[in-house]
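Copied from TrEMBL, the annotated features are:
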type     : residues : note
DOMAIN   : 109-187  : domain 'Beta-ketoacyl-[acyl-carrier-protein] synthase III N-terminal'
ACT_SITE : Cys115   : active site
DOMAIN   : 239-328  : domain 'Beta-ketoacyl-[acyl-carrier-protein] synthase III C-terminal'
ACT_SITE : His255   : active site
REGION   : 256-260  : region 'ACP-binding'
ACT_SITE : Asn285   : active site
Amino acid sequence: MNEISVGILGTGKYVPERRLTNQDLEKMVDTNDEWIVSRTGMRERRIAAPEQATSDLAYEASLQALQAAGLTADQIDLIIVATITPDMFFPSTACLLQEKLGAKNAAAFDLSAACSGFIYGLANATGFIKMGMYKHVLVVGAECLSRITDYTDRNTSILFGDGAGAVVLGQVPEGRGFKSFKLGADGAGGDLLRICGGGSRLPSSEQSVNEKRHFIEMNGRDVFKFAVRVMGSAAEEALAHAGYTKADIDLLIPHQANIRIIQSALERLNLSEDKAMINLDRYGNMSAASIPLALAEAVEEGRVNEGDCLVLVGFGGGLTWGASVLIW
Ligand code: UT7
């Protein structure tokens, strides 16, 4: 029996309306537009309305992805939501989304791999479809990072935003679809990027709140060094595994953490900047939502053509990383 080719049938995205600009941040912490733009490339981010939670953002992006795929919610067999900002501990955001969509035939679970979560989700979905267990899988990256960001900390508050991206995976013609995945983790670097409060190690308490343990803690410089190392190597390994080379890449869809991290990956892959989808200037870093949202915008802008070789690559807390080669 020939192996099924699995690819993307439709993409969708959603960002909240409210904008948080560098000028807004100048009034909140000791920073300035020039520093933020030159060190990160970011200019503004979107912030969810008070009544919006991650599943609401995921819902809007999913509706678009379903429509683009030409499918109804009841044709979805599995929902995977990659997020570090679930609506609540449980039920999973995927179950909340299943209910909102009316995807009554779908199994549903959340996936925790921080900013690499969407690529981990794609790998899971592809495996399920290839083994014949499911036909259509909805994979979503969705975050409300504004809820876990300390807006008195200039090291982190300038970086993060809210948003969601979604894709529907299913069978595609032979020769197209996902050609490889490279996933990795290094738990030894877990303390470089984390939230400690609220889990079983440090349950929520007055003290945990006062000590700000429910916000993102990050060693920016070390995460930066890790990211520069791993973005290029993960992409190269995924390419080699798929039997492709750097010269084959038509478009890089990188995690949108910092323009300088993306530039170093481009250098290593011998690519010019027009070969990368970059939208961090408008949205900042949306963790698991960054890659699917960049992909959805690239499709929307007509930057992705049939037969193109795309490389998706990201890194994040865990530490984790992931890359994939996708023939559109
Ligand atoms: O999805 C993964 C999540 N995280 C990341 O990807 C983060 C990766 N890291 C980074 O993107 C960068 O390390 C940052 C953007 C976080 C920081 O940039 P950097 O070039 O590594 O700056 P730095 O931490 O080395 O700080 C340089 C200087 C410091 O001042 P001194 O010690 O040289 O006097 C900081 O205190 O810049 C200062 N600084 C700021 N100044 C103005 C740090 N944050 C700010 C700020 N505004 N917001």
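Every residue number used here counts from 1 along the chain in the order it is shown.
Cβ from N, Cα, C; glycine included.
His255 (active site) falls within neither a helix nor a strand when secondary structure is assigned with DSSP, and so counts as coil. In this view, Asn285 (active site) is surrounded by 23 other Cβ atoms within 10 Å of its Cβ, with every protein chain counted. The number of other Cβ atoms within 10 Å of the Cβ belonging to Cys115 (active site), over all protein chains shown, comes to 32.
Sequence-distant contacts (6 or more apart, same chain, Cβ under 8 Å) of His255 (active site) comprise Cys115, Ser116, Met231, Asn285, Ser290, Ile291, Val313, Gly314, Phe315, Gly316. When secondary structure is read from DSSP and collapsed to three states, Asn285 (active site) falls in the strand class.
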